Amino acid sequence: LALLVLLGPASAVEPISLGLAIAGAAASALTGFISYPRLYCYFRECCLQWQDQRAAAGLQEKLDKQLFGQHLVNKVVVKAVKGFLNNTNSKKPLALSLHGWTGTGKNFVSKIIAESIYKRGLHSKYVHQFVATLHFPHAHSINLYKDQLQSWIRGNVSICPRSLFIFDEMDKMHAGLIDSIKPFLDYYELLDGVSYRQAIFIFLSNAGAEKITEVALDFWRKGRSREDIKLSDMQNALSVSVFNNKNSGFWHSTLIDRNLIDYFVPFLPLEYKHVKMCVRVEIESRGYEVDEDILSRIAEEMTYFPREERIYSDKGCKTVDSKLDYYYD
């Protein structure tokens, strides 16, 4: 049977070790100084590391500067995460489901959320990332995966209430597997003495991308701005589409049926102008001077759809990095 790579026993956070031999009163004073919680967390990562207001502000700033063409994502994610972090009496964990084509920013946004909450971001011991094809590859092992997944979540939330769990490739996950975490997302105050109400669950999926494109194309063909698209224009249709998609890990899922997903967040397909923005930021991040000719050439090399209108990049900004290697190295 295949075992989950990540699912090992959870261990408690160990206290900081100074490794210093300092005599008498000096040692006592230094030990007391280092044990002060805020300074302790400066040297070593802590659960609930950032103050919630600081985390929310950092999230807004990064999305404003680094996410392009996703006005719905910016608005919904900031509102949802900020409200949740500032809520001292949440009734359930936060559950966000991010949907859209490859390269539209789903992984990027989950990375920014992680970085806004924990300094080490995706490398934090309190952030746990699962990839369906890597960690849950075999259909015949679903019962094993369910038990391991429950144990992993229970153990890590016991250590850190503000644990963040990211499930990538939900469209490739075996149907029924994700329902094993339903108790953790529900409105329970305690489960076996553990509260999950401060935890955050993020699901990433390509499922529903067709429905998102359908709405975006309809706006474009009617001459309406994509910025006029509202969450209400597609959220219900998106959730129904995902629920009824037999190729999705959310197929007839109780998480959707019981309304435990707080937001279905649509990532719109990216246009030519958004691809150029991605190229510009990547060039600048490498320390190169922006060459407008190269910038335009890279954006033009992307393939676009639908075939006749050629409006949206079929890979979003996913291959920008590799294309820059050709021009600058």
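Cβ atoms here come from the backbone N, Cα and C positions, even for glycine.
TrEMBL annotations:
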BINDING   GLY100, TRP101, THR102, GLY103, THR104, GLY105, LYS106, ASN107  ATP binding site
DOMAIN    270-327  domain 'Torsin-1A C-terminal'
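Sequence features, as recorded in TrEMBL, placed on the structure.
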| residue | record | Cβ contacts under 8 Å, 6 or more apart |
| --- | --- | --- |
| GLY100 | ATP binding site | LYS106, ASN206, GLY208, ALA209, ILE212, PRO266, PHE267, LEU268, PRO269 |
| TRP101 | ATP binding site | ASN206, ALA209, ILE212, THR213, PHE267, PRO269, TYR312, ASP314, GLY316 |
| THR102 | ATP binding site | ASN206, LYS315, GLY316, LYS318 |
| GLY103 | ATP binding site | LEU270, SER313, LYS315, GLY316, CYS317, LYS318, THR319 |
| THR104 | ATP binding site | GLN70, PHE267, LEU268, PRO269, LEU270, GLY316, CYS317 |
| GLY105 | ATP binding site | LEU67, PHE68, GLN70, VAL73, PHE267, GLY316, CYS317 |
| ASN107 | ATP binding site | ASP168, LEU204 |
Taking the Cβ of LYS106 (ATP binding site) as centre, how many other Cβ atoms lie within 10 Å?
26
In the domain 'Torsin-1A C-terminal' (270-327), how many residues does DSSP put in helix, strand and coil?
32 helix, 5 strand, 21 coil
Take the mean position of the Cβ atoms of GLY100, TRP101, THR102, GLY103, THR104, GLY105, LYS106, ASN107, the recorded ATP site. Which other residues of that chain put their Cβ within 8 Å of it?
PHE108, ASN206, PHE267, GLY316, LYS318
